[in-house]
């Protein structure tokens with residue numbers, strides 16, 4: 001019982017940090033700097049690498065190659081997440097990937113790792129209820145950005161040195177200069193941006209739901225947070241490789257390599273990495289003590305925190321009706337999470 005309590009407390013802490021880690025991505029400093037997603041991810045990876053050694057205070061130094069695989073998933077996931085938030089906003093993006101993460105994690109836990117389920121039917125019902133609630137949150141938050149396509153387009157542009165959007169990975173179609181076609185082109189661009197953002201959020205959901213799978217397989221070599229050093233080393237190594245490939249692709253295509261924007265973007269990006277690392281640290285304890293098919297879906301309630309940031313800090317919801325839908329959907333998510341804690345798996 002004590003382990004269950006520790007697991008639940010770890011899940012709550014992880015929810016808070018994971019739900020807040022994307023907030024700095026949409027700060028004015030980052031948006032004005034128009035930081036490239038891969039450059040932003042490099043700061044996150046550095047923070048992950050710098051903080052991973054703190055676990056050696058109370059755990060022995062161990063290494064597993066599974067940590068490298070986990071880092072590869074995370075770096076790809078991180079770049080996609082930054083870009084998704086830039087394109088469609090924190091509320092819509094995180095609601096989509098959190099919903100998908102629950103499904104993917106449950107499939108891994110129950111059907112792949114054969115974790116015992118107290119009540120299979122009610123567990124699936126709990127997952128479904130949480131998903132519906134999360135989609136409701138995403139609808140409420142995303143509806144505001146839908147009403148302001150021009151603003152969304154501006155926020156989505158990313159710098160690749162001197163020319164906006166010149167990067168191979170983040171290139172956007174150019175606006176028509178003809179006044180008669182300006183409105184139509186803005187609508188088309190907004191739809192394209194929404195499509196890209198939603199697609200990236202789906203990718204993040206699949207990768208996020210599979211994120212701690214390497215840790216499951218690594219348990220023969222490391223246990224719990226012993227995994228973090230391998231993951232931290234892997235994150236910085238994979239990031240250097242990705243940066244190298246990115247630099248080569250820019251040179252071969254005749255584009256300039258994007259600036260690191262240290263003065264404008266370093267602090268928000270490093271804060272993003274720190275918040276994410278804290279959430280990751282606690283999520284390991286949540287899945288260790290609650291099982292993957294229970295602990296990881298509970299962690300996805302991070303959406304509630306990100307929705308609060310979207311509404312109260314970024315003012316992404318202004319309509320009373322949408323605010324009501326948001327509150328009701330949040331209650332549904334919590335209700336589904338409570339059901340899952342009763343009928344899901346522990347250990």
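Any Cβ shown, glycine's included, is placed from N, Cα and C.
The transmembrane segment annotation in TrEMBL covers 63-84 (among others). Beyond the ends of the transmembrane segment (63-84), by six or more residues, the same chain brings 22, 25, 37-38, 40-41, 44-45, 48, 93, 97, 158, 169-170, 196-198, 200-201, 203-204, 207-208, 210-215, 217-218, 221-222, 227-235, 237-239, 242, 276 to within a C-beta distance below 8 angstroms of the stretch.
TrEMBL lists 96-114 (among others) with the feature transmembrane segment.
For 120-141 (among others), the entry in TrEMBL reads transmembrane segment. If one looks beyond the transmembrane segment (120-141) by at least 6 residues along the same chain, the residues whose Cβ comes under 8 Å of a Cβ in the stretch are 89-92, 94-96, 98-99, 102-103, 106, 110, 293, 297, 300-301, 303-304, 307, 310-311, 316-317, 322-323, 325-326, 328-337, 339-340, 342-345.
Using a Cβ-Cβ cut-off under 8 Å and counting only residues 6 or more beyond its ends in the same chain, the transmembrane segment (197-215) has close neighbours at 66-67, 69-70, 73-74, 76-77, 80-81, 83-84, 86-88, 92-94, 96-105, 107-108, 156, 227, 283-284, 287, 292, 296. Taken from TrEMBL, the feature transmembrane segment applies to 197-215 (among others).
Taken from TrEMBL, the feature transmembrane segment covers 227-248 (among others).
Among the features that TrEMBL reports, transmembrane segment is placed at 269-288 (among others).
According to TrEMBL, the feature transmembrane segment maps to 294-314 (among others). Sequence-distant contacts of the transmembrane segment (294-314) (same chain, at least 6 residues past either end, Cβ-Cβ under 8 Å): 7-8, 11, 14-16, 18-20, 22-23, 26, 89-91, 94-95, 98-99, 101-102, 105-106, 109, 127, 130, 134, 137, 140-141, 209, 212, 279, 283, 286-288, 323, 326, 330, 333-334, 337, 340-341, 344-346.
Per TrEMBL, the feature transmembrane segment maps to 321-343 (among others). Sequence-distant contacts of the transmembrane segment (321-343) (same chain, six or more residues past either end, CB-CB distance under 8 Å): 8, 117-119, 122-123, 125-137, 139-141, 143-144, 294, 297-298, 301, 303-304, 307, 311.
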